Amino acid sequence: MRIDIISIFPEYFAPLDVSLIGKARERGILDVHLHQLRDWTHDVHHTVDDTPYGGGPGMVMKPDPWGEAIDDVLAADPAARPRIVVPTPSGVPFTQKLAMEYAAEPWLLFTPARYEGIDSRVMAEYGSRLRVDEVSIGDYVLAGGEVAVLVMVEAVGRLLPGVLGNARSVADDSFAPGAMENLLEGPVYTKPPRWREREVPEILLSGHHGKIARWRRDEALRRTAKNRPELLAALDPQSLDKHDRRLLEELGFPVSGENMAH
Ligand code: ADE
C-alpha cells in the first residue's frame with residue numbers, strides 16, 4: 001500500500017520508522033511518502049494560513065498550497081487515484097470498520113491540518129473527482145491532524161497482510177467484525193500463575209478450549225457493559241445465544257427483540 005502524507009510538520013511522523021509499521025516499510029508492504037506543505041508556497045515566509053472569512057478566532061489553511069501539493073502527489077501515479085483522508089474533529093468517526101476499508105485501498109493520501117482547518121473548497125474540489133473522507137479519531141480537539149494520521153496509519157498498517165507476526169488473527173480484537181462486533185476484549189494474563197497473591201483465573205489453566213472461549217465471551221460482555229454500555233445496544237440480537245442473554249440480563253441489560261438465536 002502507498003501512503004502519502006502532506007503536512008507542515010513531516011517530522012511528526014518519525015514514529016512510522018519504528019516497530020510494526022517501521023518493519024512493514026522495510027519489507028515493502030507499506031510505502032510511505034512524506035511531503036512538506038510549505039514546499040508548495042511561493043512567498044518568502046512560506047505562508048500556509050490566513051484569517052477566516054466571516055471573522056472569528058484562529059487561522060484557516062489557504063487553498064493554494066494544498067491544491068498544488070495534492071495535484072503533484074496525484075501526478076506521481078496518474079493511472080491510479082488515492083482515497084484522500086482529511087483528519088478533522090468535524091469528520092465521521094474513525095472505526096475498526098473504516099480501518100479495514102482503508103486497508104483494502106491501494107493508495108491513501110492524508111492531509112493533516114493545523115489551525116482551524118483547511119479552506120473547505122479544497123475538499124469540495126477533490127471530492128468532485130476522488131473519494132475524500134473527513135475523519136475524526138474521537139470527540140476531543142487535537143492541536144493538529146498529525147497525531148490523528150499516526151493513529152489511522154497504525155490501525156490500518158497492522159491490518160495489511162504480512163504485517164502482524166505469527167499469523168495472529170485480528171478476528172479476536174475488540175470491534176472486529178463477526179463475533180467481536182460491538183464488543184470489547186476481556187482481560188488477559190500470562191505467567192507466573194500467581195503474582196502478589198493474585199491468581200490467574202483457573203479456567204484459563206484448564207486446557208478446556210470450549211469453556212475458555214465461553215469465559216472470554218462472558219468477560220467481553222461484562223467489560224463492554226461496564227465501559228461502553230452504549231455498544232451493547234448495537235449488538236445484533238441474532239448473534240446472542242441463551243447464555244449471552246442470561247448474562248446480559250444479570251448485568252442489567254435485558255435483550256429485547258425477536259428472532260434471537262437459541
Ligand atoms: N484534528 C484535531 N482534532 C482531531 C480529531 N479529534 N480527529 C481528527 N483530526 C483532528
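The backbone N, Cα and C atoms fix where each Cβ goes, and this holds for glycine too.
In TrEMBL this protein carries:
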{"type": "DOMAIN", "residues": "1-232", "note": "domain 'tRNA methyltransferase TRMD/TRM10-type'"}
{"type": "BINDING", "residues": "ILE137, GLY138, ASP139, TYR140, VAL141, LEU142", "note": "S-adenosyl-L-methionine binding site"}
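Neighbour density for ASP139 (S-adenosyl-L-methionine binding site): within 10 A of its CB lie 7 other CB atoms from the protein chains shown.
By neighbour count, meaning other C-beta atoms within 10 Å, the densest spot among the binding-site residues ILE137, VAL141, LEU142 is ILE137.
Non-local neighbourhood of TYR140 (S-adenosyl-L-methionine binding site): PRO89, each in the same chain, at least six residues away, with C-beta under 8 Å from its C-beta. Counting only same-chain residues six or more apart in sequence, the Cβ atoms lying under 8 angstroms from the Cβ of GLY138 (S-adenosyl-L-methionine binding site) belong to PRO93, PHE94.
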